[in-house]
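Colleague: Supplied in structure tokens, the structure appears directly below.
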Amino acid sequence: MLPDLKQLSKIVTDTAQEQLLPRFAEIGSRQKADGSLLTEADLAMQNQIGNLLVDRWPAFEFLSEEMDETIQTRLLTNTDKGVWCLDPLDGTRNFAAGIPCFSVSLALILKQEVVLGLVYDPLRGDCFSAQKGQGAWLNGNLLGQRRPDYSLQEGIGLVDFKRLPPALAARLATDPPYSSQRSLGSVALDWCWIAAGHGHVYLHGRQKLWDYAAGSLILSEAGGHALSLAGEPVFRATLEPRSVAAALEENLFNEWIAWLGIDSKMGA
């Protein structure tokens with residue numbers, strides 16, 4: 001039996017209220033080898049959530065963004081017993097700068113697929129969750145009921161240019177196919193906002209497993225669609241970065257990937 005989403009939600013939301021919000025806009029941070037930031041809040045969240053998950057569900061392993069890569073790789077070699085995958089603070093630069101857009105992302109990977117996903121936005125009090133084959137929810141309300149009726153030309157793109165192929169980024173900057181573009185600075189929230197209809201198409205280059213594991217399940221269970229830029233299914237239980245396009249509504253998704261030149265048949 002899978003863990004109860006309500007219990008998971010309480011662990012994540014209580015910890016975020018205790019460890020994240022009192023530290024919001026803190027100055028103390030350091031830069032990691034990959035150029036991303038690490039704050040005391042990242043580590044406090046990782047340690048507290050990790051301990052609570054292991055105590056409550058000892059059969060599952062625990063993987064987090066701030067762990068050593070060799071440990072992360074080892075944990076992903078066998079997911080048959082289940083592995084938690086945590087991003088303790090997605091949007092660390094926003095958090096440290098006082099920009100009110102960051103989240104906590106938690107997924108359960110079992111037998112090479114994501115079976116539970118939860119993304120919490122502590123400032124707005126929004127808790128997105130999903131269970132494979134059972135649907136997705138925002139604060140207990142079923143997602144996927146609000147489906148945007150927009151063409152690509154009319155839509156809002158949640159697009160992060162930073163890690164896209166240079167030629168694609170230049171094309172998007174000079175000849176965008178959508179009406180306007182946003183970049184939230186939290187990959188997990190991007191996925192969830194698309195699932196909730198708060199944006200229409202999504203594109204992000206080279207996101208890591210903990211960035212997309214929970215959010216991709218939430219979008220999928222809300223009835224959304226996603227492919228890698230190579231036309232492959234998004235999820236892989238590896239540390240390989242994934243560049244992904246997505247949308248909630250099928251016709252809009254097909255229009256989006258056609259503009260991007262993605263062959264949808266490869267992901268079938």
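Glycine too: its Cβ is placed from the backbone N, Cα and C atoms.
Heads up, here are the entries from TrEMBL:
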- E65, D87, L89, D211: Mg(2+) 1 binding site (BINDING)
- D90: Mg(2+) 2 binding site (BINDING)
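I'd like to know what surrounds each of these features in this structure.
Modeller: Sequence-distant neighbours of D211 (Mg(2+) 1 binding site) (same chain, six or more apart, CB under 8 Å from its CB) are D87, D90, S105, V187, A188, H204, listed in sequence order.
Classification of D90 (Mg(2+) 2 binding site) by DSSP places it within a strand. In the shown protein chains, 30 other C-beta atoms lie within 10 A of the C-beta of D90 (Mg(2+) 2 binding site).
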Colleague: Quick one: among the binding-site residues E65, D87, which has the most Cβ atoms sitting within 10 Å of its own Cβ?
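Modeller: Per the Cβ count within 10 Å, the most buried is D87.
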Colleague: Using a 10 Å radius around its CB, how many other CB atoms surround L89 (Mg(2+) 1 binding site)?
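Modeller: For L89 (Mg(2+) 1 binding site), the count of other Cβ atoms within 10 Å is 30.
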Colleague: Can you check what DSSP calls E65 (Mg(2+) 1 binding site), collapsed to helix, strand or coil?
Modeller: coil
Colleague: Once E65, D87, L89, D211 are set aside, which residues in the chain still have Cβ within 8 Å of the Cβ centroid of the Mg(2+) 1 site?
Modeller: D42, S64, L86, P88, D90, T92, S105, A188, K208, W210
